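A.B. asks: Below you will find the structure I want to go over with you.
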């Protein structure tokens, strides 16, 4: 075998070259995706920003928990205000406003709110004041159980840097900064901002959020294509975003809310959410602190870098203003580029390929068939053969049709087997260890990937027992599988186009690309067939020698590898035809190979691009959903998603599976066994990924009864509670929780030493004669948050001394509400509230909330103590961590009837 033969073998569709290319491509993609999913290093050139100062600001902001209803919140407010006043001093076009005048009322489906804001606003006048400006928003309050390093200390520290930057580099358009308070108590600070005149100066916004514990910030969602363009690599060095998260919000899959919804629904602004999303197990817990943040200072820089780039575009580029561009489709590539286009463009692209693609391929296949037939006639020399029906009957009796049928059916059989096995593996996870994805999602994904590869490889390598006529030659198998895969994606693309057009879903962009590249691969295969020299029995590249028909039908009985001549007949050529029936390469026992070079072009077209997009989407989806299980999200969503991504990552390899080395399958089998065994046997939680449970104490002030309640996943809740001394021996009352679907709440009576201090509530309720109206007078003690629960719906309310009416776009629903929340910017407030009701009777509860505790208030003077929560912090197992159940860690209440 000479050098030329070796070179030919190296580029032929053979086992070793195909396996080498496939393994190399998949490894390169997986490694690249994993590496680029990590935070990049901080650059030396910080482009006018000061990372050191920002990190120092973050440590001040996130020194301790500082919810709206805490004295620590006032400390953070004063720190931020001082920083901004110092940063803007001496610049007459920069204005700071400590907004302690904006009050408002608004409603949602279940409750109404009256809120008194303490936002800190900054306005930097642009050179072109006549043009609409841009709003930049973050909230400085945290939840009561977390210092708020990522939620939302990093966002606030970033805005402080942007203010300093734009004060020194005056923008073209006006920049408005809303560093708001009360977001954690359901977006109250953003609502208060809408009451301020500066909210009318902007037509677009960027909201900075943190729904996790760091990592790379993600373009969570966007209103239209225009604001997404501000995230392109032209402005943002390391863009990161995917339309999947936006679609998840729009469909209600993500059960969360940000100020984004207030700006969109209340003012109709265009804009985007930029938020952290990894490590949700530490979100809203004591681990949302500076020292526990994923990536630390690099995470902070990632948000600063992205926010600076986006803000620069929003304040200068006309492309992100004016024409909205409709619903967007966007995704990043390795954190280096952001691909963005309107959903309408994708729908048009899909329709074109749905119509043109099949027609073009049908024409190419027809031309190929006609060309083959003409060659057969030329080779046959015009001699008569058996008729069509006679040949068909002969083929049927000899079961030759089975081989052809199996060649086209094996893709669908492999797909069915793969889906079936994936379902079984999902069921195994759900029954054996349903929460293992919480801490080991990459192991779970590895098991699904290895199973998908095994099932695809094994089925595609099952031979047909009647395949003695070359119907399973590798080139033909590949081309048949490519066409089956194209048809499969065509069906998916048709469904995706209908759904995408009706529901404005852009996450199907992978199907658009997949169908297009498969069209190209199938077309190249057909064109290669037209250009190649074919024989009656197969492609000349498979090593067959041409025969005239009379000789061909005299071959029966020849053994493979035996060189012979046919007996002479009246149609035998004058020159003898020596024939060796061997595999390509000319030696007995060598494997059958395909055409030189074309398979590689088809592989490069149909595999890498799809696998890249699927791999990135898989990591994003797992990172965003794996730890939502503690919030009550169904586990089938996580495992079903991992399974789907695995199948989509392996399916592009199906046409080439017949030429993959069996040793890769051995490796996949070992990986499957090891990863599945690990995932089914290991405890699902750790100190790195702790199970989140939710704490609240409720105090019945009428009966003087206190109950400690902890809510969590029912499979592990009792095990976590058993570690608490106060729960030892106490009867537990455990019920399904209505507020957090899928979770369970267990309550018990704590000893007197663990009852909260300074829990006092005085109120009076009276009825107006002749009217269906009641007046509540509520006196707070060491709190600024109270609420009223109604057993009967109320249709109107008015807080004395507050603003009249309800915010536009957030009116009380026609059926009324059954809860009224009252938030005061001052302490120990006495509320006077009038409410209208439908019927004559009105009953319910008046309650106040407390959120401060000793260890969370170090350095801040407060009288409130919650020893039961201190017990939870001290004795909860290391694999569990506590978060707040509601706005208040303690709720004290009294009943009323009028």
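The backbone N, Cα and C atoms fix where each Cβ goes, and this holds for glycine too.
Since the structure is predicted, the reported quantities are computational estimates derived from the model, not experimental observations.
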A.B. asks: Given that Swiss-Prot annotates 139, 209 as binding Zn(2+) 1, state which candidate in 128, 130, 151, 203 belongs to that site as well.
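C.D. replies: Among 128, 130, 151, 203, only 151 appears alongside 139, 209 as Zn(2+) 1-binding in Swiss-Prot.
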A.B. asks: Can you tell which of 284, 321, 373 Swiss-Prot lists as binding Zn(2+) 2 with 151, 184?
C.D. replies: 284
A.B. asks: State whether, in Swiss-Prot, residue 760 is on the same side of the membrane as residue 531.
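C.D. replies: For residue 531 and residue 760, the topology recorded in Swiss-Prot gives opposite membrane sides.
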A.B. asks: Among 251-273, 297-319, 343-365, where does Swiss-Prot put the label transmembrane segment?
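C.D. replies: Spelled out, Swiss-Prot records transmembrane segment over residues 343-365, not the other listed ranges.
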A.B. asks: Give residue numbers and ranges for long-range contacts of the transmembrane segment (15-35): same chain, 6 or more residues beyond its ends, CB-CB under 8 A.
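C.D. replies: Long-range Cβ neighbours of the transmembrane segment (15-35): 9, 334, 591, 599-600, 603, 607-608, 611-612, 615-616, 619, 653, 656, 659-661, 664.
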A.B. asks: Using a 10 Å cut-off on CB atoms, tell me which of the recorded positions 151, 183, 184, 209 is the least crowded.
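C.D. replies: It is 184 that, of the recorded positions 151, 183, 184, 209, has the fewest other Cβ atoms within 10 Å.
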A.B. asks: Residues near the Zn(2+) 1 site, 139, 151, 209 excluded, by Cβ within 8 Å of the Cβ center?
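C.D. replies: Going along the sequence, the neighbours come out as 138, 148, 150, 152, 155, 183, 184, 208, 210, 211, 258, 275.
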A.B. asks: Taking only the recorded positions 103, 110, 139, 283, 733, which one has a CA atom nearest to the CA atom of residue 184 (Zn(2+) 2 binding site)?
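C.D. replies: Nearest candidate: 139.
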A.B. asks: Out of the recorded positions 110, 200, 284, 704, 733, give me the one sitting nearest to residue 209 (Zn(2+) 1 binding site) by CA distance.
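C.D. replies: Of all the candidates listed, 284 is nearest in space.
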A.B. asks: Between the transmembrane segment (594-614) and the transmembrane segment (636-656), are there three or more CB pairs that fall under 8 A, provided the residues in each pair are separated by 6 or more in sequence?
C.D. replies: yes
A.B. asks: Please tell me which one of the recorded positions listed here (139, 151, 183, 284) sits closest to residue 103 (N-linked glycosylation site), measuring Cα to Cα?
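C.D. replies: That would be 183, the closest of 139, 151, 183, 284 to residue 103 (N-linked glycosylation site).
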A.B. asks: Have the transmembrane segment (665-685) and the transmembrane segment (434-454) got at least three CB pairs under 8 Å, pairs 6 or more apart in sequence?
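C.D. replies: Contact between the transmembrane segment (665-685) and the transmembrane segment (434-454): present.
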